[in-house]
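The following features are taken from Swiss-Prot:
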type     : residues                       : note
REGION   : 120-237                        : region 'Disordered'
COMPBIAS : 140-169                        : compositional bias 'Low complexity'
COMPBIAS : 170-186                        : compositional bias 'Gly residues'
COMPBIAS : 201-229                        : compositional bias 'Low complexity'
SITE     : Tyr273                         : site 'Histone H3K4me3 binding'
BINDING  : Cys274, Cys276, His298, Cys301 : Zn(2+) 1 binding site
SITE     : Met284                         : site 'Histone H3K4me3 binding'
BINDING  : Cys287, Cys292, Cys314, Cys317 : Zn(2+) 2 binding site
SITE     : Glu288                         : site 'Histone H3K4me3 binding'
SITE     : Trp296                         : site 'Histone H3K4me3 binding'
Amino acid sequence: MYQGKGTYLENYLDSISTLPSELGRNFALIRELDYRTSDLVEKIEKLKSNLLVTTNGTRRAVHELTDERASKHIKLEMKQVIEYSDEKVELSNQTYELIDKHIRKLDIDLKKFETELESAEEEKKKKKSKQSQNNSTVESSTTSSSSSSSSSSLSLSSSTNNTSSLNSSSGGGGGGSGGGGGGGGHSSHSTGNKKGKARDSLTSSSSSGNINGMSSSSSSSSSSSSLSSRKQKSMAAQDIASITGNNGDADVRVFNANPNDLDLAIDPNEPTYCFCNRVSFGEMVGCENPDCKIEWFHFECVGLTSTPKGKWYCPDCTRIKVKK
């Protein structure tokens, strides 16, 4: 556990609080022993001077008994000097060990503090790195959500614009088809009603899809909003053009839709056509029978590969005409 430099400093100061007094006591004892040793050495020197008398360069003993006593006295004093010296050495060793003990403790505490400091710094770096990663994840999620929202808004705006163009294009194409039919001599009341109904149903389909798309975009989650936007783009991308040949060709309606768009969810309000009961896509041909129940058919469902010449009737209406 990280204790902090303040804690280590307090503990160390507490441990050395008695050190000055201990050192002072030892030094005082050593000084006292020095004084005693000095006195003994001086005393021994005097005894030695009295023991040896030099006359004319020769040495002679004064009295045997006195010399023997003086010699024993000198030995005792020398022995005492040695004892004092041993005590001083012992006190010096104690003082050294006392100081060395505190130095070792200081080294151990410094090493421990350094290790704990490195661990604390490493843990702080890990926390900072983890916090940075979390912030990056949140920012990335926010950016992704913002991009998704912007993309959805752009898709909705594009779908609305395309749907408006679709409605105006459907109205203009219907008028052109009526004019072309009159010039070719094949325009009739039934055909006009039929085209008008088809235009109304297609326009209603586009408008319904647009309204449903905007409603689901505002009320559902971001995933359903994305699906609705894609469906709106698919429906709005169907470029509808009424083509009526000046030479009396059958009424053909072309839907430039991507076949992949058919895999998307179909709006239940969008009208269906043909025997297959599917929505409008690709090229479609209209039956000239005003009473036809289906009216519009996909080329592939009625076996057509190109625009038929003249008037065209669906298989059901053809059988009815043959019977009549």
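Here the Cβ of each residue, glycine as well, is placed from N, Cα and C on the backbone.
Remember, it's a predicted structure, so these values are computed and weren't measured experimentally.
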> How big is the gap, in Å, between the Cα of Met284 (site 'Histone H3K4me3 binding') and that of Cys292 (Zn(2+) 2 binding site), rounded to a whole number?
Replying inline: 15
>> Taking 10 A as the limit, how many CB atoms besides its own sit near the CB of Glu288 (site 'Histone H3K4me3 binding')?
In response: 20
> Hey, does DSSP put His298 (Zn(2+) 1 binding site) in a helix, a strand, or just coil?
Replying inline: strand
> Who sits close to Cys314 (Zn(2+) 2 binding site): which same-chain residues at least 6 apart have their Cβ under 8 Å from its Cβ?
Replying inline: Cys287, Asn289, Cys292, Ile294, Phe297, Val302
> Reported as an integer number of Å, what is the Cα distance between His298 (Zn(2+) 1 binding site) and Tyr273 (site 'Histone H3K4me3 binding')?
Replying inline: 8
> What subset of the binding-site residues Cys274, Cys276, Cys317 lies within 10 angstroms of Trp296 (site 'Histone H3K4me3 binding') at the C-alpha level?
Replying inline: Cys274
>> Could you check which of the recorded positions Tyr273, Cys274, Cys276, Cys301 is the closest Cα neighbour of Cys317 (Zn(2+) 2 binding site)?
In response: Cys274
> Relative to the Cβ position of Tyr273 (site 'Histone H3K4me3 binding'), how many further Cβ atoms are located within 10 Å?
Replying inline: 22
> Three states by DSSP: which one describes Cys317 (Zn(2+) 2 binding site)?
Replying inline: helix
> Given the recorded positions Cys276, Met284, Cys287, Cys292, Cys317, which one has the fewest other C-beta atoms within 10 angstroms of its C-beta?
Replying inline: Cys276
